[in-house]
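Visitor: Here it is, the structure, as structure tokens.
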């Protein structure tokens, strides 16, 4: 008998086999974890109204993301430092996505370079997740590298002006601050951010890669002008922000609360979805969702409420730990 037949089984397997520090880093949410818990609970509160006597002998689950076809409406969300779960990290995740004919968003903070990931899984639909850092030249270089490497969209994370206060990380000494650093993994490679002068981050090398707390809509508009790639904003939860995204010509929105890891006390992504969908009606903006998706009926609920597809983060990390 298989010990893993659903995502919950996979989560339990990962919890059993990961080191506590890594397990807590992946699992924890910000502050009292209200939003983390509500992300999954909110799906449970939604009830479906099935219509029967429909011919379901043939089903086509394929959809498109910004004009590119994937085989079913689930893709991989960006998660950093995947080599904490498996030595092949993001390369393995991209290969898995390619095998399922779907897409993956590569994190700025990946342990494998954006070029290596594309090369390892050329048939995967590759998007690149971008943090706007204080070093404007570094941000610009990431955009150009993503274009050159063959990424099909830029996903700009907009819900992290500062990093969330995650208590288990603090207790474990996994000290996360606004520099996206952890002292116990200071020699971990983050090749998307390496300079010619250093192949590992040390000391004040963190300064230039700090996420900028001063990012505004003007910065988003500037990035849009600087690239031919479509721009997707990740971290939108309100109609007001969604309307602003439409106004400046954004191509897509990921309704997301960062898996409950940044600002605690905000509404679950699935609860925010309807007002975002309603606010972009009449535009060409595509709406997606992440945070809390754990089973097929969650995907169905998100689609029924207007999402074009969903992205999953933690489940991909659990998969990386399986039988390693």
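Even glycines carry a Cβ here, placed using N, Cα and C.
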Visitor: In TrEMBL, the glyoxylate site includes 25, 131, 166. Which of 261, 294, 308 does it also list there?
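Guide: TrEMBL names 261 for this glyoxylate site.
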Visitor: Hey, how far is residue 258 (FMN binding site) from residue 25 (glyoxylate binding site), Cα to Cα, in Å?
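Guide: Computed Cα spacing between residue 258 (FMN binding site) and residue 25 (glyoxylate binding site) is 14 Å.
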Visitor: Report, in whole Å, the straight Cα-to-Cα distance of residue 313 (FMN binding site) from residue 166 (glyoxylate binding site).
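Guide: Rounded to the nearest whole number, the Cα-Cα distance is 17 Å.
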Visitor: Identify, in sequence order, the residues in the chain of residue 129 (FMN binding site) that are 6 or more apart from it along the sequence and have a CB within less than 8 Å of its CB; answer 'none' if there are none.
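Guide: Same-chain residues close to residue 129 (FMN binding site) (Cβ under 8 Å, separated by 6 or more) are 78, 105, 106, 107, 108, 154, 155, 156, 157, 234.
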Visitor: Suppose we draw a 10 Å sphere around the Cβ of residue 80 (FMN binding site). How many other Cβ atoms does it contain, all chains included?
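Guide: Step by step: centre on the Cβ of residue 80 (FMN binding site), count other Cβ atoms within 10 Å, giving 20.
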